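Structure, as structure tokens:
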């Protein structure tokens, strides 16, 4: 985090006892509880010369003394199961098997403050050194931010929208929004000005937080169309010039000093667990984005029980260390990094904004997380990078890695639950694999999670070969994150784990193989879509069950297996229902040169076809795909007799590569369940899918409708030729 002069937060100049400045986050795990909280609260850990007084903490503690917290009763009138109003309330789905009383975000933070006040909460880089913020400092920064929002005119059940990369400011602004009675709303940093306008208008944003001038420019372009917007705060860079109602973070936090603590306390006292505190907007692939309303109970329940199901541990047992880098506007990252972090006293370290362009591995090495979450595409990129390095290694090192991964994969597939490893497996780990994990930053990582999209069998097998087991979670924005979780205790390859305690599932309209639509019920289920009653009624039935639109099956032990989206199910002209994902995965497994494969067959097409992209390197500055093939792709070409090193050398020209792909698809067809599942035509696209190209969403999930529209001419050509 670079120092900014007079704008936003730079490096602190306060008492060094307030904030540990060390080379690596690991050292900050030592001596976390030396001294009392009040002795350390002399200056802010992020602001220059801004005091966090003992009186402020004393006041906060008096507000939330254990007796007051434990005796507090939430107002639980007979409410409906859903609402579309930002100021509405809902009836909570409390299961007798897990009947914990609902509580608010403030109470969750207070309990963390009581147990973990002196533990490191947030870690960030400042002038190439890691700095740390304790939970006590974090709490008071959130309170000051809350008072700043009140001073700027934040109204009850209106939003503070945050448009910026993950940072301490994102975190304590989000918590401060909830404390102030507002609703925190994340906006993807890749959003256009028009997309920002839609979300800010829909959620009635009173304040928008931006991290850079680039993001500020987006808001300035649409401000006149945002009648509820009162102020913008920029927190990483100074504004280009002085503008009315545009504040630096330092100015914003100073505003909070003008609001009495009692004014904030009064708002906190009136908050109820069944009120909205978070809005998560869907990607909008099938229309305008929908605002998913999550209650305080959704957040506190999921942060506790969803994470417990994933074996996340409280800091008094072992402080979890995580790296925050995925977009916080997505529920998976927000619940995992922000809210679960508070629940269990985790240390959250922030990656650089260019994490997904290549710097993530450097942060992982420095931080050495104990648990880590990535969307499948992130894990695939790590896999491809390892494969590239291996291809460039000497013969002996490459053979050693292949041997070690082979014996380890075989052991993990044949005896997945066994702690007793054969000598050869232990030797392989000692000589080779432990060093690979250390180079990746996973030397201390005990839990590696993925979610938000399906993962290929190839990727799972690759990491099993490294002795890295990837645990799946299944959920949606509408389930506040995970409704099913895998963990070291509940793991089955290719499954999405078991139900989170207190949650329910049923499969409706099951076929002969037991596959049906997944319907969910429990404390994770969202309040409703903001201002969209028709969409809410489509999603939630009269008994309160959420219809996910996903198809899946349950095995005898309760493990869930996702088979695809019902909307993505391809219905051929012959009436066959074809789930695309298994076929796409089979093609990528058979052909290691393929980056993306998308099955085509919608609109009652007479046969299946497929669009393919090739694995290529990414531009280090933009993360856009280049024309250069990856080392793995070049190796594939050489194996089949091609000298190609770029995509353009292959598309429409390279007979050797085309023949190899044709043979691979023929092998996939031979293993298909029936002829209607065969891929009859295919094409290689000139450019890999990307976020900038529109084919991938912010979490790198495939946007099928966009692909169908963008490559309509190519797709139509498959079927025009059939008519001739």
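Cβ atoms are placed via backbone N, Cα and C, with glycine included.
As the structure is a computational prediction, the values presented were derived from the model and not from experiment.
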Inset, instruction - Quick one: sort out which of 1-51, 52-102 is the region 'Disordered' according to Swiss-Prot. - result: 1-51
Inset, instruction - Report the member of 288, 550 (the binding-site residues) whose C-beta atom has the most other C-beta atoms within 10 angstroms. - result: 550
Legend entry - Pairwise Cα distance for residue 550 (ATP binding site)/residue 658 (phosphotyrosine) [Å, integer]: 34
Inset, instruction - Compile a sequence-ordered list of residues in the same chain as residue 475 (ATP binding site), six or more apart from it, whose Cβ lies below 8 A from its Cβ; state 'none' when nothing qualifies. - result: 306, 331, 332, 451, 481, 482, 483, 484, 524
Legend entry - residue 658 (phosphotyrosine) and residue 282 (ATP binding site), distance between Cα atoms, whole Å: 38
Legend entry - Nearest-integer angstrom distance between the alpha carbons (Cα) of residue 658 (phosphotyrosine) and residue 472 (ATP binding site): 35
Inset, instruction - With an 8 Å cut-off on Cβ-Cβ distance and a minimum sequence separation of at least 6, pull the same-chain contacts of residue 472 (ATP binding site), or say none. - result: 449, 450, 451, 455, 484, 485, 486, 495, 496, 497
